[in-house]
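Please see the structure below; I have some questions.
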Amino acid sequence: MSEQKLALNEYLKTDSDYLRGTIKEGLDSSVTGSFSDGDQQLIKFHGFYQQDDRDLRNERKEQKLEPLYSFMLRARVPGGVCTPKQWLGVDEIASTLTSSNSIRLTTRQTFQYHGIPKRNLKTIIQGLDREALDSIAACGDVNRNVMCNPNPVESKLHAQAYEVAKKLSDHLLPHTRAYAEIWLDEEKLLTTEDETVEPVYGKTYLPRKFKMAVAVPPDNDVDVYTNDLGFIAVAENGELVGFNLTAGGGMGSTHGEVETFPRLADDFGFIKTEDVMKFAEAVMTVQRDWGNRTNRKRSRLKYTIVDHGYEKFKAEVEARAGVKFEPKRDVVIGDRGDRYGWVEGVDGKWHLTLFIESGRIKDVPGKSLQTGMREIAKIHKGDFRMTSNQNMIIAGVAPEDKATIEGLARKHGLLGQVLTQTRGHSIACVALPTCPLAMAEAERYFPEFIDHIDALQAKNGISDQAIVVRMTGCPNGCARPFAAEIGLVGKAPGRYNLYLGANFEGTRLNKMYRENIQEAEILAELDALFARYAIERNAGETFGNFTVRTGVVKAVIDAAKDFHG
């Protein structure tokens, strides 16, 4: 029996000389604004994707011009924490070296730039490096940006959890010097074929992307169960003692292919803080060795666990870690939203959470968000914390500085907007015009769509109820739509699949309710359901739970078996 053929990316990684490929040669070429097909896969490991302006694609084709290529670069910012000085550097880059002139906060607690011409890539990466920031492993078949609850109320516990998140990020970084050589002009050392170049990853890295999050109960804004690997903090007397480990979550799927599906992670048990790195490395190396390298659509950890079985996977992880799981500890996970406005921490410092619509920090008529953040950064003595809901926390503000910070935020439109419960719990991906995978709008359309949802809630007398609404332009699920009470997933321009039935806490997936429908149909369906919900809901019952209890959709118990159909 012949050996099964590997996915093309596996050969690219093997032949890349530890992610070098011909990126340097492509960067130096002025013949085209793009990289070669192979290098387009490798540059992801360095933190950026090649894109083009899809709004202009046909026009440029008629003019016999190549697409207007640009790049999206994503930074690695573990836990979403950066200093005001770093932010000023980030802002300067956005203002001078990108065509979008904006900073986009992401659903994974970092920021990204859009509209970067190839000639500016190296300058941007070197600019980030001067601020002790980088983009290595922000994309690609590696451990991505590690998330951690900002949780400003429990500041001591947050600090402990954040340190774990940062150590995880640093420990699981690729060891290759390709990034330093290509972008930072460091000297190339003698290339070796020895696997010790990448002691954890090996020559072919992971089969697919790997996402990790640290949650600090009662908050679940990091959507811990949607990650490949999750650590839910367990505290005793305010001190971190360990984590409940979860594994096997992931949102991506492909329309019409039932062998692909979103999945929430399984609970595996409690581990002590000192064993976190052992277990993280064990889970990753099992995925490295067992993951599917022939079909990238089935390469995520969730499929590895489904295909090999929970008990077999658990036993292998314990064997590699050299430690057994203890029974999971009781913790309560609740709200996935952010605490907007001022919140006082246990240390007496104050934290101001700003709502950033779809995470886009940009100066527009009536709202100078980018200027406002710049002015705050010039005087702020604490830090900035990006949230996984695409918002920003001005953290660690002394009582005597509150009025000044708030004044600047209000002056520039960062504070003071009327914010409904649902809008504050809702997110969207970028989608068109830059994302090559988008089938429909998301970020550009989402504010208008939420206006409609707000109006329907007001009409039906349920404005007091927060509903988690999420929209993506495709089923890859960057804004985690399959864990939303109302999920909209792009199918074609102006058309979406409507998903219902996830719970508010993020521990149950939703299920398709209507397929390939337009705005008018979506709003008509939701209007009718909101009317029922207003009358028939039980006390304290959330919308997602209502749709399951009343049989609007069936609960998803085991996604491999019941997400489809």
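Numbering starts at 1 and runs along the chain as it is shown here.
Placed from the backbone N, Cα and C atoms, the Cβ positions cover glycine too.
What Swiss-Prot lists as [4Fe-4S] cluster binding site is CYS429, CYS435, CYS474, CYS478. If you look up Swiss-Prot, you'll see CYS478 marked as siroheme binding site.
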Tell me, how many other CB atoms lie within 10 A of the CB of CYS478 ([4Fe-4S] cluster binding site), whichever protein chain they belong to?
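Here the count is 22.
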When you measure from the Cβ of CYS435 ([4Fe-4S] cluster binding site), which residues in the chain that are at least 6 apart have a Cβ under 8 Å away?
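CYS435 ([4Fe-4S] cluster binding site) has long-range Cβ partners GLN51, CYS429, GLY473, CYS474.
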Just how many other Cβ atoms lie inside 10 Å of the Cβ on CYS429 ([4Fe-4S] cluster binding site)?
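Result for CYS429 ([4Fe-4S] cluster binding site): 27 other Cβ atoms within 10 Å.
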Other residues near the [4Fe-4S] cluster site, CB within 8 A of the CB centroid of CYS429, CYS435, CYS474, CYS478?
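Apart from the listed residues, the neighbours are VAL430, ALA431, LEU437, ALA438, ALA442, THR472, GLY473, ASN476, GLY477, ALA479.
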What count of other C-beta atoms do you get within 10 angstroms of the C-beta of CYS474 ([4Fe-4S] cluster binding site), across all chains shown?
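Taking all protein chains shown, CYS474 ([4Fe-4S] cluster binding site) has 23 Cβ neighbours within 10 Å.
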